[in-house]
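Novice: So TrEMBL lists these for the protein:
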type	residues	note
TRANSMEM	35-54	transmembrane segment
DOMAIN	50-446	domain 'Cation/H+ exchanger transmembrane'
TRANSMEM	66-84	transmembrane segment
TRANSMEM	119-148	transmembrane segment
TRANSMEM	160-184	transmembrane segment
TRANSMEM	190-209	transmembrane segment
TRANSMEM	230-252	transmembrane segment
TRANSMEM	272-296	transmembrane segment
TRANSMEM	317-337	transmembrane segment
TRANSMEM	343-366	transmembrane segment
TRANSMEM	420-445	transmembrane segment
REGION	523-580	region 'Disordered'
COMPBIAS	532-542	compositional bias 'Basic and acidic residues'
Amino acid sequence: MTAAAMAGWLAMGEGGGRSAEEISLEEKAQSWNLVVVVTLLGVCIFCTYLLLATSSWRCIKYLPESVVTIVLGILAGSILTLSGQTLSNLITFDPQTFFIYMLPPIIFESGYSLHKGNFFINFGSILVFAVAGTLISTLVVGLGTYVLGQMKVSYPLTMLDSLTFGSLISATDPVATLAIFHALDVNPTLYMLVFGESVLNDAVAVVLFRTFLSFYEREHDSWTSAILQFVFVSLFSGVVGVIVALFSALVFKLTRLYQHPSLEAALMFVFAYLPYLLAEALNLSGIMAILFAGIVMSHYTHYNLSPTTQMTAQQTFRTAALMAETAIFAYMGLSLPTLQHRFHVGFIISAMVLILLGRALNIFPLSFLINRKSQNSGMKISSKEQFIMWFSGLRGAIAFSLVLNMQSHSLTAVSPETKAVLVTTTLIVVLSTIFIFGGGTAPLLEMLLGEKKEIHIAVSKTSEMGAPLDLRESMDDWRYNESGTGNLSVASRRAAGFELYDKQWFIPIFRVLEHERPVEAPHGFHLPSSSHPHEREMLLREENEDGWTMRSDKGNSNSNTRARSKSPRERTNNASAASS
């Protein structure tokens with residue numbers, strides 16, 4: 001089904017008020033829209049490959065792929081603008097499209113590929129930075145914007161407009177920074193603090209933004225009711241995601257879907273998207289729901305899948321997230337020369353200063369409190385790590401999409417001029433942080449770490465593309481030390497309570513155990529009775545010109561396999577050899 005056909009059906013559904021020529025022109029415009037967007041997406045992906053292939057060149061080794069995508073978008077937008085107003089109008093972006101189709105795969109993949117051990121060990125610190133830090137940043141930016149506006153230094157906004165802007169601009173998106181972190185192999189705790197904060201920060205910022213929007217619609221009479229709604233939506237959205245994830249784990253555990261990998265993978269994708277739609281239908285936060293669904297599904301549901309579906313699902317989630325992020329960054333570049341902007345220099349400069357100030361008042365005081373609380377545990381955030389966390393507070397796709405959502409929202413209390421100023425300021429802030437802080441992360445790390453390493457930029461902020469989930473990478477990493485004395489490390493001691501409950505109750509219920517599902521070999525083969533789909537020595541199919549045989553990862557094919565019946569080609573070759 002093409003976009004042109006859909007546009008035609010929508011036009012007919014409106015009562016046939018338009019002529020056939022108008023419908024035909026709209027169909028053609030929709031088709032060109034898709035052509036331009038898909039072509040630009042393909043060019044951006046290929047240029048990302050070129051960036052990876054030439055990442056050893058000194059002149060571009062610090063260049064994040066998001067910067068390349070944005071530059072390509074700016075060039076494409078400039079060409080469209082020079083070619084004529086009609087062609088530039090083809091590039092349209094519906095914020096609802098972002099929230100329904102683009103944001104869910106990004107958030108789900110972040111939760112699904114999360115290293116659960118490091119995440120939950122540092123969960124308390126991550127939660128403090130994500131929730132308390134986002135609230136601090138929102139208040140600093142919002143109140144500062146309002147005060148400076150009243151002083152005629154910045155663009156004058158109402159208190160509600162200022163707080164709404166503070167909430168949307170507090171959504172961090174350090175994709176470029178995390179790619180550099182992964183390339184330089186930084187401290188895993190630092191990586192997880194920045195990554196975990198950004199994942200939860202996205203969800204918190206979206207819920208906070210929608211809470212402020214509800215004030216425009218007179219849904220709240222006081223701040224108390226708004227705070228209660230914020231807490232209610234955050235908690236129950238996570239509950240919805242966890243319930244759907246646990247239900248999916250039971251479905252894959254109690255059925256034989258592993259015998260049909262195509263059906264298994266299709267149902268896995270349905271369960272991955274269902275929490276978002278269900279939470280939105282219940283007037284909750286789909287972002288929060290799909291985030292926790294991804295975390296829980298990777299811990300339970302993933303282990304109930306066949307090895308083929310495990311790799312298929314993991315790679316598909318990463319590919320979808322990569323394409324969504326690339327499309328959003330490309331549209332950011334397109335927006336700069338094509339949208340009708342209203343620049344206010346004072347507002348742009350003050351917004352940048354307030355963002356940096358809010359980030360500083362977020363990271364440094366909270367790090368001090370966390371270090372004081374954990375002074376006996378040996379796990380502290382050093383001053384260098386605090387500075388790196390402050391420097392990595394990039395703004396990205398979510399902030400830009402939230403302001404577009406505000407612009408398209410029917411808010412009579414906000415003038416079109418104010419909406420245009422907010423969109424332009426947000427776009428400039430996002431592009432500035434990506435170019436300045438994203439491009440400056442690698443030199444800063446080399447300077448602070450005191451050593452230079454060979455950088456190979458990754459295109460995923462989670463881990464290497466193409467690498468499936470490590471089946472041992474879970475909370476099973478929280479284990480007793482090798483001495484067998486039962487003494488736990490500091491990090492393990494923090495998670496030991498949940499680990500015991502998890503191993504005793506949750507894993508036996510929601511995860512396939514080794515003895516519960518035998519591997520069913522292809523017809524004509526006999527596999528060892530000890531084989532099961534979740535062993536690391538999974539059986540592989542070895543292709544060669546004589547057909548295929550089954551062997552283990554260790555290459556012990558002679559002892560663990562049985563020869564199959566000969567193919568017609570083999571029988572013909574043997575007969576020819578015998579006759580000769």
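Placed from the backbone N, Cα and C atoms, the Cβ positions cover glycine too.
Just so it is clear, the model here is predicted, and its values are computed rather than measured.
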Novice: Among the recorded stretches 35-54, 272-296, 317-337, which has the greatest number of Cβ pairs closer than 8 Å to the transmembrane segment (66-84)?
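Specialist: Going through each listed stretch, the top one turns out to be 317-337.
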Novice: Which listed range (35-54, 119-148, 190-209, 272-296, 343-366) shows the maximal number of Cβ pairs under 8 Å with respect to the transmembrane segment (420-445)?
Specialist: 343-366
Novice: I'd like to know if the transmembrane segment (343-366) touches the transmembrane segment (272-296) in this structure, counting it as a touch only when three or more C-beta pairs sit under 8 Å and are separated by 6 or more positions.
Specialist: no
Novice: With an 8 Å cut-off on Cβ pairs and a sequence gap of 6 or more, do the transmembrane segment (190-209) and the transmembrane segment (119-148) reach 3 or more such pairs?
Specialist: yes
